[in-house]
Every structure is written in C-alpha cells, then in structure tokens.
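Chemist: One structure, pasted below without further comment.
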C-alpha cells in the first residue's frame, strides 16, 4: 500500500514539473506565439517582421524592423510588413495627420475647408465644405459634417417657384449625365491608340483575366487590412466581412483569402480592374502595381498556353 502511495506522489510530482516547465517556456514569448513547421515560435514585436523562423519550440527566430514605408502595428509571425497608407491622392482631398512609423500606419485627415465622408477612423475621402451666402452659417463644416446654413426667411413666391424649377432641371441634368456615363462605360473599347491615360489603358488590359485561380497569390500580397478596405469601398456588408474574420481567428492569411473570395463574388466579372482601381484610390499604389503584375503574368501565361 505504501509503495502505491509513493508511486502516485512521484507521478504527480513529475506532471507538476512538466507543467511548470511549459509555463516558464511560454512566459519567454511575451508577444504570444505562432505556428510554423509544427513548432510554436515567439512572435516578433510591433514594428518588426520575421526574417528567420524559430528552430526550437517556444523560441524566437530572427526579427528585423520594418523598412521605410512599411509597418506592423501588432506582434506578428508574418515575414513582411504592411504598406503605409499615402494621404496624397489628388482626388481624395487628404493630408497627413499622423505620419507612418514602423509600428503604426499613417493617419489621414481632410484638407482645410473639407469634411470626411468615408466614416472611418483614418479618413479615406473628403468633400469640399458647402459655402453659405448672405443667410450665414448655422453649423460650421467639421469632422464628418458638412456646413449647415441658416434658413433664408421672407422668400417671395416667385423665388420659391424659380428655385423648385431650377432644382428639377438640375436633377434631370444629373440623371441624364449619369445615364450617359453608364451607357458610355458599357460600350466596347475600340482599341484605338491614345484613348484615355496610361492607367485606364492598363485597366482595360485586365478585363477577362481569370481571377479565381489567382486568389491565393493575390490574398497573400494584399493583406487583411487593405482587403477589408477594398470590401468596404465596394459595399460588401459588414456582417460578411466580420464573418471572414471570426471564422479564422488568428490566421490573417485565411481571413484575407476568404474575404477576397466574397469580394470577387460580390463584384463579378469586373473584379480584376476594380481591385487595382480601388487600391490606387486608397493610396496603395505600390501594392496596386504588384497586384497588376500578378494579373498580367496570369494573362500572358493563359495566352501562351492558348497559342501553343
């Protein structure tokens, strides 16, 4: 009986020692761990990336700081950093609020006399503030709100009628313009040289690219943050975006892959050119060029296979 008791205590002591050893080892990874080749490697800290993965369980590999123009805002097991956001797109009326650092993305704000219409923490698009006439300003243009003017009192009946007529004519003109633009956009390209600028011609060449088989490579290049921005700009419901994240917690590559599939289904046949266009509009020109290269390479490969 005494022998069995001693044996039980010995087993308990060994298990306790193993648990304490594992707990101590895990405490070395202050920023958490990630999986690689069947091992739990320590994450690199914010502002850095993995250059070499660990060779022993619960150990650090080799980390290096992010290059200029790139960042990682959280501890990571990724081998590359995110591209910084640029606040210099000519059509978005933005300027730098907080510069990009190795551990933080740039934050954009509206230029003077503009207000934000994107509804995000770091503004993506600004419109000019409304100008008030003699009636004066009721609320100033600021943040996400346009200027509100005071109501003009004592209008004559003729002025009211004239205003209504002008508004109706303006709405009709705008609708006609939009209809013409959509009709023009649906017309097939004539292929004549000199039509549109270089970027437009480049987008035209992306039409018909089979994006489905390129989704893994594109997702790896785009990353979760920019893929989420593309989806939001394209009107993908927030619930579907959140589902891609929640279904793959801790795996940003799979999150990005699933959201890209949802986005391609949402956009349809125009997905290749729309992906490049939205990345450019978001100030991600370098990433847009890399995505274009992937799409072009696929297009050339398909053409070579067809010719041979």
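Glycine too: its Cβ is placed from the backbone N, Cα and C atoms.
Worth saying up front: this structure is predicted, and the values here are computed from it rather than measured.
Per TrEMBL, disulfide bond is recorded for 66-81. The domain 'TNFR-Cys' annotation in TrEMBL covers 65-108, 109-149. Here TrEMBL flags 226-295 as domain 'Death'. Taken from TrEMBL, the feature repeat 'TNFR-Cys' applies to 65-108, 109-149. Annotated signal peptide per TrEMBL: 1-27, in sequence order. Look at TrEMBL and you will find 160-183 tagged as transmembrane segment.
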Chemist: Report, as a single number, how many Cβ atoms besides its own are within 10 Å of the Cβ of residue 81 (disulfide bond).
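Modeler: A count of 22.
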Chemist: Suppose we draw a 10 Å sphere around the Cβ of residue 66 (disulfide bond). How many other Cβ atoms does it contain, all chains included?
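Modeler: 22, counting other Cβ atoms within 10 Å of residue 66 (disulfide bond).
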Chemist: List the helix, strand and coil residue totals of the repeat 'TNFR-Cys' (65-108) as derived from DSSP.
Modeler: 0 helix, 15 strand, 29 coil
